[in-house]
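Okay, so here's the structure we're looking at.
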Amino acid sequence: MIESYLAFIFLNKVNKKKAPSLDSLGYEEIKKRHDELVKLIRKYDYAYYVEAHPLVSDQEYDNLYHELETLEKLHPELITPDSPTQRIGETPLSGFSQVTHEIPMLSLENTYSKEELFAFLERIKRALPGKKISFTVEPKIDGVSISAVYKNGLFSLGATRGNGTVGDDITQNLKTIRSLPLRLETPDPPEYLEVRGEAYMSPKDFERLNAQREKEGKVLFANPRNATAGSLKQLDPRVVAERPLAVVFYGAGKLVGMKCKTQEEWLNFLKKIGLPIPIVFWVCSNENEVYEAIGKLNECRNQLPYPTDGAAVKVNEWEYYSLLGYTAKAPRWAFAYKYGAERAKTRLNNVIFQVGRSGTITPVAEMDPVFLSGTTVSRATLHNFDQVKRLDVKIGDVVYLEKAGEVIPEVVGVDLNQRRGTEKEIVPPEFCPSCGEKLSWEGIFLRCENENCPAQLKERILHFAQRNAMDIQGLGESLVDQLVDKGIVKDVADIYDLDEETLVNLDRMGKKSAQNLLKAIEESKKKDLSRLIFGLGIPHIGQKASEDLARYFGTMDKLSHATEEELLNLPFIGEIMARSIVNYFRKEANRRRLEKLRKKGLNFVSTLSQASSGTLSGKTFVITGTLSEPRESIAQKIISKGGRVSNSLSRKTSYLVVGSDPGSKLQEAKKLGIPLINEQELLEMLHGG
């Protein structure tokens, strides 16, 4: 009977005949077939999306998938969370909730130097005298860091790294990625399994995606990593499902109900239960084998399906991780060796001058298109005029290109042997190419001091509206050009005065587009203070610093009145950053902008802010020495309970937290009579003990 039903499903596609009633099959037969289909499709998904070896034709796969959809439509009670039909949600999200990483997601220290790599390996051996140590060498994948949680084998939570301590809940978006199994392939799954890795887009898929976007008149993505990050930030999982994303896992987070002894054992375990892992990795017993493996990886990395920019070298034995510990930002048991940037050669045809949001003039080279590190490049930065002089680069030269950080194309050299004598000097402009104001030099930088400069305003608006700031979807480059050029928007705050009547009269803006944009603008008012701080574009203040400032000060009023001295006491703020913040809020134009944003109803209070009446309220802590967790993670826990963390001791310091190998602060605290506590005592205070 089931075979008869399958035959009719297929014939239905060809002859448009109706399938027989499923009632005649019997419920148990239907349920059994449903389970078979789920397992079959999961098997075919793994073969196609992970192993790149399809087991059936597209038509056969589609027939099975359609049959499963039909069964579940007629019997919705059969739908399980791991069914392939449940990957794509029907309803867009209103926003991303936050996920706290119980074990922080850290980055790796890195180097381009063989000597520094060997020094790292030597430090490991010195820290573990007499121990037998081996190392793994894995591809350092240039994607977006993610965490995936499986409870009793079922995928239940996905998150971004965020600031390492708190990330975004992207569960619904990760479910759309076919290489991520919704259920682990094991009859005895761990109670709780957190795996960490990367979401990525292959260079070939990236090129195809951009080609399609170009046909549709959409803004192109800069590189595969940006395309991946932008896709995961989409609120509508249906949009994410259309993007060619994949995942690969290599790291461990929180584990309950399982143990591994080595990184090699962990990777093999992940592969066994159906999770995609790096295609190649090596286990090495000494530094020479490590360096040899790094060389082998470099030879084959362009054949891998994911972009890589180096090798991750890790201590293989997990038991040593707690002994080696962590720095403030990275584990001491792992290190990244980065390969020298890939180079390309092309002719420089022209130089244009771009005006940044702070008024800095950047010379940009226009060149014959050339393929470089996964993308076709026709423009590259020359950074500044000091760099132009140092390279002795001229219009008409054949130049060498690299991608800074594997992202931004830059001119790094000139092939002087190909000079023809017709090349032209690159002359710095005397007047701003946007507003016509006379330019002035500030060190090696050429700047436009006119804050009303249209080019600066456009860049400020685009920065303010970007995904990591106020996330105003629809406010792209083309529309911003029109709004500024027509004099409709003269300040960032003016975007909150836009109305439907104004927008529908602009090019490529219909009624629906205008309504969607206005909705996005209204929604942006609810964004957390951290996003607003980042969106303001304060020089030297990035996304993470913005989150830290919002968490510490809690309100825009407190931040805007902070002194340089107060800022310098924060563990995450340096001298240049502190001065930049104070100078920003001193400017009258910036104060006026903030007041207008306040009146328009933007959120000036952070949900990330420290508890005003927490267990550590009113107490100030200074940390010295090495703790079991990164210092930044400990500091965030103190702040979340209402406490403050400072870099320097004073008579107002409540406690000095003392870890192993403390510095000079220990003696200084004793002289000042400041109470000393260890990490365990701090943890008891954090939990109200």
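Each Cβ is built from the backbone N, Cα and C atoms, and glycine gets one as well.
What Swiss-Prot records for Lys140 is active site, N6-AMP-lysine intermediate, and it gives sequence analysis as the kind of evidence. Among the features that Swiss-Prot reports, NAD(+) binding site is placed at Asp58, Gln59, Glu60, Tyr61, Asp62, Ser107, Leu108, Glu138, Arg161, Glu198, Lys314, Lys338, with the record citing sequence analysis. Summarising the annotation, Swiss-Prot assigns Zn(2+) binding site to Cys432, Cys435, Cys448, Cys453 and lists sequence analysis as the type of evidence. If you look up Swiss-Prot, you'll see 611-689 marked as domain 'BRCT', on the strength of sequence analysis.
Positions of the features from Swiss-Prot, shown on the structure.
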| residue | record | DSSP (3 states) |
| --- | --- | --- |
| Asp58 | NAD(+) binding site | helix |
| Leu108 | NAD(+) binding site | coil |
| Lys140 | active site, N6-AMP-lysine intermediate | strand |
| Arg161 | NAD(+) binding site | coil |
| Cys432 | Zn(2+) binding site | coil |
| Cys448 | Zn(2+) binding site | coil |
| Cys453 | Zn(2+) binding site | coil |
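There are 17 other Cβ atoms within 10 Å of the Cβ belonging to Leu108 (NAD(+) binding site). Under a cutoff of 8 A between CB atoms, and with a sequence separation of 6+ in the same chain, the neighbours of Cys432 (Zn(2+) binding site) are Val355, Ile361, Lys438, Leu439, Cys448, Asn450, Cys453, Ala455. Around Asp58 (NAD(+) binding site), taking its Cβ as the centre, 9 other Cβ atoms fall within 10 Å, counting all chains. When averaged over the domain 'BRCT' (611-689), pLDDT in the model lands at 82.
Within the domain 'BRCT' (611-689), the DSSP-based counts of helix, strand and coil residues read 26 helix, 16 strand, 37 coil. Asp62 (NAD(+) binding site) and the residue listed as 'active site, N6-AMP-lysine intermediate' have their C-alpha atoms 35 Å apart, to the nearest angstrom. The two recorded residues, Arg161 (NAD(+) binding site) and Lys140 (active site, N6-AMP-lysine intermediate), show a Cα separation of 16 Å. Cβ environment of Lys140 (active site, N6-AMP-lysine intermediate): Leu108, Thr308, Asp309, Gly310, Ala311, Ala312, Ala336, Tyr337, Lys338 lie under 8 Å away, each six or more residues apart in the same chain. Of the chain residues outside the Zn(2+) site list Cys432, Cys435, Cys448, Cys453, Val355, Gly359, Pro433, Ser434, Gly436, Glu437, Leu439, Glu449, Asn450, Pro454, Ala455, Gln456 have their Cβ within 8 Å of the site's Cβ mean position. Looking only at the binding-site residues Arg161, Lys314, the densest Cβ neighbourhood within 10 Å occurs at Lys314.
Comparing Lys314 (NAD(+) binding site) with Cys435 (Zn(2+) binding site), their Cα atoms are 53 Å apart once rounded. Comparing the binding-site residues Cys435, Cys448, Cys453 on other C-beta atoms within 10 angstroms of each C-beta gives the minimum for Cys435.
Distance between Cα atoms for Cys435 (Zn(2+) binding site) and Asp58 (NAD(+) binding site): 56 Å, as a whole number. Listed in sequence order, the same-chain residues six or more apart from Glu60 (NAD(+) binding site) with CB atoms under 8 A from its CB number zero; the list is none.
Secondary structure from DSSP puts Lys314 (NAD(+) binding site) in a beta strand.
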